[in-house]
Structure formats: structure tokens, C-alpha cells
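Engineer: Structure in C-alpha cells, see below.
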Amino acid sequence: AEYSTIHSPSTPIKDSDSDRLRRSSDGKTRGRGRRNNNPSPPPDSDLERVFIWDLDETIIIFHSLLTGSYANRYGRDPPTSVSLGLRMEEMIFNLADTHLFFNDLEECDQVHIDDVSSDDNGQDLSTYNFGTDGFPAAATSANLCLATGVRGGVDWMRKLAFRYRRVKEIYNTYKNNVGGKHVLIYSTGLLGPAKREAWLQLRAEIEALTDSWLTLALKALTLIHSRQECLHFLSHRTNCVNILVTTTQLIPALAKVLLYGLGVVFPIENIYSATKIGKESCFERIIQRFGRKVVYVVIGDGVEEEQGAKKHAMPFWRISSHSDLMALHHALELEYL
């Protein structure tokens with residue numbers, strides 16, 4: 001497919017990417033860990049379309065809540081917007097720190113959840129004590145994950161891989177339980193009853209302030225996901241997959257996906273952090289994974305993903321307003337994409 005920008009109604013100029021200052025909505029330069037290429041799909045794969053999504057200001061409204069720019073643009077109350085953004089930011093990092101080892105992994109960021117899996121010896125982690133294995137102290141004292149590119153020894157890398165394996169297990173366990181209206185989190189889940197109620201209330205307030213932005217995005221995401229699910233029953237349906245490429249560091253990105261109820265449409269293997277390598281390099285990894293016979297469609301609000309799409313001759317659908325999301329869903333319904 002030749003590169004083209006797909007125009008949809010009402011696409012006003014978006015906020016400058018240079019405003020993205022917070023670590024939860026933009027990454028810091030990190031050191032590189034050993035990279036494993038993702039496995040290619042089997043030769044008989046029926047995959048035909050790969051939809052590559054941006055996260056912030058495309059699927060979710062987060063950064064522009066924190067800056068107040070969304071409120072200013074749509075005539076909402078800026079202090080209320082900022083307050084909602086700060087509350088969600090606190091919840092994101094509370095989940096990342098408490099359950100996803102972000103305190104250990106912030107300086108050991110990876111592009112993909114399986115990038116250090118080759119260092120994992122498969123040890124049973126059911127009784128493993130992450131708090132006493134000496135990993136954080138070793139990482140801090142040796143600066144093993146900083147931009148110098150220095151790597152630890154076999155034992156240290158194995159402990160790093162253990163953490164990413166546990167993160168993957170937690171994500172897969174709770175991806176259906178931390179999001180949406182029909183969640184069953186309660187005391188057995190990640191949040192517990194008190195935080196669950198606070199989270200549900202916060203989600204509702206953000207949806208009200210943003211005029212159901214997330215709901216509109218989820219309609220398109222769910223339609224793409226359903227095409228994949230229905231492949232075996234409706235042979236005329238296109239086999240599609242959703243991929244997420246975000247400038248947020250991987251661990252906070254996973255926390256965001258869980259808290260915004262996106263785990264169902266984004267398996268953890270389909271989430272990439274561009275913090276270290278940039279979106280264009282992530283696109284190259286995705287092409288290497290799925291091959292050049294499939295059609296790639298990039299959906300986002302930013303210059304970086306648009307330029308990456310152009311370089312790889314991928315169609316680009318710009319999201320700048322609610323009407324763009326509605327037009328995207330309509331195009332998907334009519335199977336134009």
C-alpha cells in the first residue's frame with residue numbers, strides 16, 4: 001500500500017509534542033537491553049491487516065488533561081481537568097510501583113515484554129521472593145541499566161528477566177479484570193474494593209469531561225478485535241490485529257492499558273514502548289514480526305507516527321477529534337479499512 005494520510009472530518013491542529021514532559025506520557029532516554037526479535041507468525045497465518053495505534057491523545061486523553069489543553073480547547077474547566085489527570089497519574093504509578101516492579105525496572109526499560117526472556121531459565125516463581133533477591137541494590141550501585149549500555153552478569157540478568165515474566169503473568173491474569181463496566185476486581189484483584197470504587201469513579205469523571213473519547217476509541221478497537229475473533233466463523237471477514245506503540249515507558253504503559261480497560265484488545269505481546277528507540281524503529285520491528293504481505297494502518301495524533309508511517313508507506317489515520325474516531329469506526333464498519 002502506498003503511503004497516504006487518510007483524511008477524516010474535523011481535524012484541528014493538535015497540541016505540540018514538545019509539551020509532553022511527564023514520564024507517564026513521554027519517555028526518558030534509557031539504556032538498551034538485549035533485544036529478541038518477536039517470533040514471526042506461522043506460514044499459514046491468515047493475518048491481513050495490522051492496525052498500529054498510538055496511545056496518549058489517540059485512544060486515551062491523559063496528557064492534555066494534565067496540561068489543561070483539552071479543557072481549554074473544548075470549553076471545560078481547566079482546574080478540574082488537571083485534577084483528574086493528576087489523580088489518574090497517581091493511580092497509574094501506584095499500580096506500576098506496587099504490582100509491576102516499576103521501582104526496580106524504571107531504569108531498565110525494555111521495548112517489548114519478551115526482550116529479556118532469553119535470560120530467563122524458567123525457574124518456578126511461585127515462592128520466589130523478589131524483595132530479597134538483591135536486584136534493586138545491584139542495579140543502583142552498578143548503574144547497570146543506564147544509557148552507558150553496561151549489562152549485568154548472568155545472575156543479575158536472570159533476576160531482571162524474572163521481573164518481566166512476572167509482569168507478563170500479572171497482565172495476563174488481570175487484563176480482563178481491570179477495565180470496563182463489568183469488572184470483577186474486588187479484594188482478590190489488583191486494586192481492592194476501596195481503590196476499585198475510586199478508579200471506577202475517576203474513569204466515569206474522565207469520560208464525562210472528555211465526552212466519551214475512550215468509549216469512541218474502544219468501539220473501533222473492539223471492532224478490529226472482533227474481526228480476529230470471528231475469522232473462523234465468517235470467512236469473508238478480514239483477520240486483523242491491534243498493535244500499540246507508545247512513547248510511555250513499557251511498565252507505566254501496561255498500567256495505563258489495564259486501568260483504561262484496554263487489556264482485552266491489546267495482548268501484552270502486541271504492546272511496544274518507543275521510549276528508547278523511537279516509533280519508526282518500533283514499526284520496523286513490527287514489520288519484521290508480521291512480514292511485508294500484510295497491510296499496515298497507523299492510527300495516531302502525532303508527527304512521529306505520521307513520519308514513521310510515511311517512511312514505510314503505511315496509510316495514516318489522524319486522530320485529532322471525536323469525529324475522527326467516529327469516522328474511523330464507520331470506515332471499519334463498512335470494511336473500507
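Glycine is treated like the rest: Cβ placed from N, Cα and C.
Note that TrEMBL annotation is computational and uncurated.
Note that the coordinates shown come from a computational prediction; the quantities given were computed from them, not determined experimentally.
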Engineer: Which of these, D211, D301, does TrEMBL list as part of the Mg(2+) site with D54, D56?
Structural biologist: D301
Engineer: Validating a neighbour-count step here. Other CB atoms within 10 A of the CB of D54 (active site, nucleophile): how many?
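Structural biologist: Excluding its own Cβ, D54 (active site, nucleophile) sees 23 Cβ atoms within 10 Å.
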